[in-house]
Amino acid sequence: MASSTPSSSATSSNAGADPNTTNLRPTTYDTWCGVAHGCTRKLGLKICGFLQRTNSLEEKSRLVSAFKERQSSKNLLSCENSDRDGRFRRTETDFSNLFARDLLPAKNGEEQTVQFLLEVVDILLNYVRKTFDRSTKVLDFHHPHQLLEGMEGFNLELSDHPESLEQILVDCRDTLKYGVRTGHPRFFNQLSTGLDIIGLAGEWLTSTANTNMFTYEIAPVFVLMEQITLKKMREIVGWSSKDGDGIFSPGGAISNMYSIMAARYKFFPEVKTKGMAAVPKLVLFTSEHSHYSIKKAGAALGFGTDNVILIKCNERGKIIPADLEAKILEAKQKGYVPLYVNATAGTTVYGAFDPIQEIADICEKYNLWLHVDAAWGGGLLMSRKHRHKLSGIERANSVTWNPHKMMGVLLQCSAILVKEKGILQGCNQMCAGYLFQPDKQYDVSYDTGDKAIQCGRHVDIFKFWLMWKAKGTVGFENQINKCLELAEYLYAKIKNREEFEMVFDGEPEHTNVCFWYIPQSLRGIPDSPERREKLHRVAPKIKALMMESGTTMVGYQPQGDKANFFRMVISNPAATQSDIDFLIEEIERLGQDL
């Protein structure tokens, strides 16, 4: 057999390595151990035990020295248990004859529980390690019918009878195997990417606590964390630290819905009891490039999508203030009552920032509620270099800000911030007596759940709070600046190349870089309907080839009458210039013969 392929650590530093290669001949004990742990648990443990027994003293000495130099997270990936608490050493356990009923709180279930969770942690750590290894695929793509039919012992169907813990461990491993590694440095498909280790630890602890956010009574620490963090976010927006309110919601779409509910309640509080029949014909305004959640909220809240009026944008995707004012006047002339304007700070496709100052002037002139949807762009408020792009946000009545996007907090983590205290409570509270008793022994103003439209509410704050503690505001600033610099690097690399064409002129405001790849067959051909039709098919074909090969992922879409183009977004702090270079080369490789 030929000499062994480089280890994963070597290949990860080699930008030219084939991402589909597999290390077939590990040359050291620890790499063999990694292979063993990829086997079915019973077999893997036997192999690992054999390796430990047969390893030479010299090799063991080398390994112990090497392990001490590793980070603690990597220590956990090895099988060197000499320094661990004896209660948490892995033993050879036959999970094929164990079931969920054998775990805690079962009598004498502690040992089985420890061994099972150690196996789960091993699966998770192996996944984390591979996520940051560029020789690992971003995804192992299969069509829906293939996964539904079952893959090598991985079956999605539910059974009437319990399955063994061995099968459960296989299911855990294969669920990750057939998913998408959204934390991979070459995953650019969505606005939410990355795998922050501190955030991951926070999410694990959150699930272990398994509590609810509706009262201080059952989530005292988390409720206080949320209040402190929301106050800090409001201060960064530019509001007074004494006033204001906010809450974490399941996502930006719900945060935007909160803003419309708050605006409606502010001007027409009777709507809470009497409904939409008691108020005038209200209309909302948002840009034609804004997130679809504004129209969705209009439908859900009884305004109707016809009463969500779209404002024209310029070629960069920014609201044209003159068109906003003209449409407000037109609506008033038709007997409608303008209520609310949504300005976007970081549009989904172009990454555009609406001119908030000019929009705020119009809202003040006509007494309208101004909301800023900064779900994507809010993170730039953390950067002294880039926060000017949101100039005027302090004049807004409400702001949506998603830390799970640009700030890299694990999903889900979205905040709705409101400038005026008390509106969320007044709008949503129902005073359920079994939760929100007024005569508790503590200050019940900390029972924040009644200002939410939900009852049960997931703890989204801890991972974010923990990341902020670990990074500091400066750490988030550096992370965001780096992502913006990578977008500038990509733009500079492709803007003058004949095989690429920019969707709009000028440097990107955000990390969104929008471009067409022009295959050889379409270069030098004048614009025409036929050329646009052919170009429209290029991005989907390249994306399909990307997914089949699993090397990288980047999104595409049309916009208005424009043919499908690639929308590159960067929010993963693990990405580097070499990953941008790889993306460019991969698009060229996959698209050159189209």
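For all residues, glycine too, the Cβ spot is worked out from N, Cα and C.
From a predicted model like this one, the values you see are computed outputs, not experimental measurements.
Of the residues Arg537, Arg567, Swiss-Prot puts just one in the 4-aminobutanoate site with Gln190, Leu191, Ser192: Arg567. Given the ranges 1-23, 438-460, the record in Swiss-Prot names 1-23 as region 'Disordered'. The CA atom of Gln190 (4-aminobutanoate binding site) is located 9 Å away from the CA atom of Lys405 (N6-(pyridoxal phosphate)lysine). Other than the site residues Gln190, Leu191, Ser192, Arg567, same-chain residues with C-beta atoms no more than 8 angstroms from the centre of those residues' C-beta atoms, the 4-aminobutanoate site, are Asn189, Thr193, Thr348, Lys405, Gly555, Val569, Ser571. Under the three-state DSSP scheme, Ser192 (4-aminobutanoate binding site) falls in the coil class.
Site extent for 4-aminobutanoate: the farthest pair of Cα atoms among Gln190, Leu191, Ser192, Arg567 sits 14 Å apart. Spacing of Lys405 (N6-(pyridoxal phosphate)lysine) relative to Ser192 (4-aminobutanoate binding site) is 4 Å (Cα to Cα, whole number).
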